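Down below is the structure, laid out as structure tokens.
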Amino acid sequence: MKSQAILRLCYSTTRYNPSICTGAGTSYQSRRCISLHEYQSKKILNENNLNVQRFQVVDNPQDAKRAGEELMKTIAKELVIKAQVLAGGRGKGTFDSGLKGGVRLTKDPVECGNLVKQMVKHRLVTKQTPPEGVEVQKVMVAEALDIARETYLAILLDRAYGGAVLMGSPMGGVDIEEVAEKHPEQIFTVMVAEALDIARETYLAILLDRAYGGAVLMGSPMGGVDIEEVAEKHPEQIFTSAIDPKIGLKKDQALDMAKKLGFKDKLADEAADQIMKLYKLFLKYDCTQIEINPFGETPDKRVINFDAKLSFDDNAKFRQTNVFDMEDTAESDQREVEATRAGLNYIGLQGNIGCLVNGAGLAMATMDIIKLHGGQPANFLDVGGGVKEEQVLDAFKILFTDNQVKAVLVNIFGGIVNCAIIANGIEKACKKLGLKIPLVVRLQGTNMDEARRILNQSSFPITAENDFEKAAQKVVSLVKNSSK
């Protein structure tokens, strides 16, 4: 389970660039969760009696200066200014204002205001954002605490296992994927029922691991830096522990992880207590991931959750309305936002052949066969089994808003899906939106004869193909011919 957990972590911690990791289907995995900004995650942690540093959130230089003055007068010896974006690697990022680093330190409230001026309304580019970066709307101004030592800790839900898994590494504060790749000996996976002798020590996260079938606790002693880099370069510095969903996280299991992360004596007990509280939060809020990086200790012997990343399962939206009301979609691909509203599963890619398919497996196979014949898929788009005509129209609206799309392949296997509904939806989309690029349609299954009749009678230049491979070859050739 170790290598699978690392692979899934690469995706779960990388909102904008899933291809940062390698592995079958990684780039095509549908994201079924929302993510909150760091300040929102820390607010939830604080409300659940977890240790976080004190902070204020601002969106202009004047409020930043005021917040800095208040913190410096009361509790802070130094300030940390952190741009709030839903992407990792902020500390090494750059702004279009010329400012380098989305995480900055200062002792001067005036400089705090100047830094925020160069962050807010400016685009921050990191290795996890699109090339053009994302615009910063809010900045967190917090007390900067000395960190005596950093670790990595995570709790993931692993569906293959059927519960949660605890993962940790003494290499905290760095990219956990880099640790997984370069130091695999620092990653340990422990099933709750097993008694394994793991001698290595310390990042902190609780993650939903779908292959495992439950939650996984993950930790690394290399905390405080991009954890993806740790997983890539030091995989041996990551520890994981599966959590039995019937029993839950046990105190001795949390203590074992705390010790692996390098906490000793009373600090080990305090770290274990924080881990137990994090797992309770994980269950309470239907999380798919809680990531604390760094999960550290201060020189005065306090255990602090210095940074937090929380993601939530959208299947729980009906009972987590307060959490979902906090979702910020400004940084999201708006096609993905519209797809979610329409009940569709969409992920934008970098190719030029749009895909409209029913079923995630068939969608991935469709993208694979397009690549096999020399094409590049522009997206993953699964319309599902209960698709309606209006959703087909919505799907085409999303596909046609991508200027990179030069042709569209519709590939439907009608088991639950009625092919005639798809055909009527295609005809409606063509009439309403116009058809300016080649469209290849392959329909097989329920009511396919009626569907083919509808398409054959269409006044639009729709290319129908019965064979899967021929349909893929056709759409690839149409794109290549159009570029000549």
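Each position is counted from 1, following the chain as shown.
In case you wondered, yes, glycine gets a Cβ from its N, Cα and C as well.
Taken from TrEMBL as is:
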{"type": "DOMAIN", "residues": "42-272", "note": "domain 'ATP-grasp'"}
{"type": "BINDING", "residues": "Gln53, Gly89, Arg90, Gly91, Leu145", "note": "GTP binding site"}
{"type": "SITE", "residues": "Glu78", "note": "site 'Important for substrate specificity'"}
{"type": "SITE", "residues": "Asp146", "note": "site 'Important for substrate specificity'"}
{"type": "BINDING", "residues": "Asn293, Asp307", "note": "Mg(2+) binding site"}
{"type": "BINDING", "residues": "Asn358, Gly415, Ile416, Val417", "note": "substrate binding site"}
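Recorded features from TrEMBL, shown on the structure.
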residue	record	Cβ within 10 Å
Gln53	GTP binding site	20
Gly89	GTP binding site	23
Arg90	GTP binding site	22
Gly91	GTP binding site	17
Asp146	site 'Important for substrate specificity'	11
Asp307	Mg(2+) binding site	24
Asn358	substrate binding site	24
Gly415	substrate binding site	11
Ile416	substrate binding site	13
Val417	substrate binding site	21
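On the 0 to 100 pLDDT scale, the domain 'ATP-grasp' (42-272) averages 84 in this prediction.
Residue pairs drawn from Asn358, Gly415, Ile416, Val417, the listed substrate binders, are separated by up to 10 Å at the Cα level.
Distance noted between the C-alpha atoms of Leu145 (GTP binding site) and Asn293 (Mg(2+) binding site) is 14 Å. Each residue contributes its Cα atom, and for Asn293 (Mg(2+) binding site) and Gly89 (GTP binding site) these two points are 12 Å apart. Close to Asp307 (Mg(2+) binding site), meaning Cα to Cα within 10 A, are the following recorded positions out of Gln53, Glu78, Asp146: Gln53. Of the residues the record lists as binding GTP, namely Gln53, Gly89, Arg90, Gly91, Leu145, the two whose Cα atoms sit farthest apart are 20 Å from each other. Recorded residues Asn358 (substrate binding site) and Gln53 (GTP binding site) have their alpha carbons 47 Å apart, per Cα-Cα distance. Across the fold, the C-alpha of Gly415 (substrate binding site) and the C-alpha of Glu78 (site 'Important for substrate specificity') stand 62 Å from each other. Note: the CA-CA distance between Gln53 (GTP binding site) and Asp146 (site 'Important for substrate specificity') rounds to 11 Å. When the alpha carbons of Val417 (substrate binding site) and Glu78 (site 'Important for substrate specificity') are compared, the span between them is 60 angstrom. Taken residue by residue with DSSP, Arg90 (GTP binding site) is part of a helix.
When the Cα of Glu78 (site 'Important for substrate specificity') is compared against those of the binding-site residues Gly89, Arg90, Gly91, Ile416, the shortest separation belongs to Gly91.
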